[in-house]
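Participant: Can you keep this structure in mind? I'll have questions shortly.
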């Protein structure tokens, strides 16, 4: 009797081990074949599949995108198309200065404060705290939807836009980024009529329509104090030059260019050629970090080799290139490499 009972227990034990082995094999096979899951609980209606990632992680990839980061024909977020680009590009650094990245590292702080040194020093964080009570301190580009194609036009101010006929094409983009003076009235056929982002300094600032984001490019703490003043009390009227005491822009659409991002371009992309990157480069790399597809208009000389603005008739207006502040030739070289890497499309104009 005792022997029979012992045999029965051993048989049951072997059976249990066999069943557990089958379950483990089935489970392992199921994961290896990457089953599809309903992503309704993830806020969408698309089916997704589990993709092996790092230990303890599972990444969700939407079916049908073949791993692409957007639905454009070319996507900025797709790695592997250019080793040079991938080694320079850092998606973790935000082009917008916000409450979350308010604290600058000492090396960035020193570099930024030397761009336009001031006699009186200011506590940058205290200035930002006050500013973010007036304008948003959030990053509007935090989330990227791989099911969208955000097309962006970066419109420079080159005279090569005159007679180009690019206007309608420029206006077809989701984001249209312009800089400094950049008039559109009277030039719509060549430069377009729409603007979504306008990048300016205090010394170049102008009033904007309510549907346009004013992106302030600050060179000093006084620039931050100026925008807070220009949207409230109007006390600041002078930086190193006269500035508008009041500015008519949509407060909810004001964004502040991140000095850390500014230095990142200087260090990694323009590689310290010139004292600091030009406004055109600042806007171009802003677009490269918030857009899926980037098309560039109005950069470089015209077909006769003249460097002037499209609203000017003075072909000698490009004398700024000789100041040494920016290295226009090296920046043009970087733009050419980006185009060859299929990261941007450059429209050369007239």
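Cβ from N, Cα, C; glycine included.
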Participant: Of 197, 289, 326, 333, which one shares the substrate site with 116, 157, 180, 240, 276, 280, 300, 309 in Swiss-Prot?
Facilitator: 326
Participant: In Swiss-Prot, one of 7-27, 28-48 is tagged transmembrane segment. Which stretch would that be?
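Facilitator: Range annotated as transmembrane segment by Swiss-Prot: 7-27.
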Participant: Among 92, 211, can you tell me which residue Swiss-Prot lists with the annotation N-linked glycosylation site?
Facilitator: 211
Participant: Between all pairs in 116, 157, 180, 240, 276, 280, 300, 309, 326 (listed as substrate binders), what's the biggest Cα distance, rounded to the nearest Å?
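Facilitator: Between the most distant Cα atoms of the substrate site, 28 Å.
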Participant: Could you state the whole-number distance in Å separating the C-alpha atoms of residue 72 (disulfide bond) and residue 326 (substrate binding site)?
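Facilitator: So the alpha carbons of residue 72 (disulfide bond) and residue 326 (substrate binding site) sit roughly 33 Å from each other.
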Participant: Measure the Cβ-based neighbour count of residue 211 (N-linked glycosylation site), defined as the other Cβ atoms within 10 Å of its Cβ.
Facilitator: 10
Participant: Give me the long-range Cβ neighbours of residue 116 (substrate binding site): same chain, 6+ apart, Cβ under 8 Å, in sequence order.
Facilitator: 219, 220, 240
Participant: Per DSSP, residue 326 (substrate binding site) is which: helix, strand or coil?
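Facilitator: Its secondary structure by DSSP: strand.
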Participant: I'm trying to understand the geometry here, so how far is the Cα atom of residue 70 (disulfide bond) from the Cα atom of residue 149 (disulfide bond), in Å to the nearest whole number?
Facilitator: 6
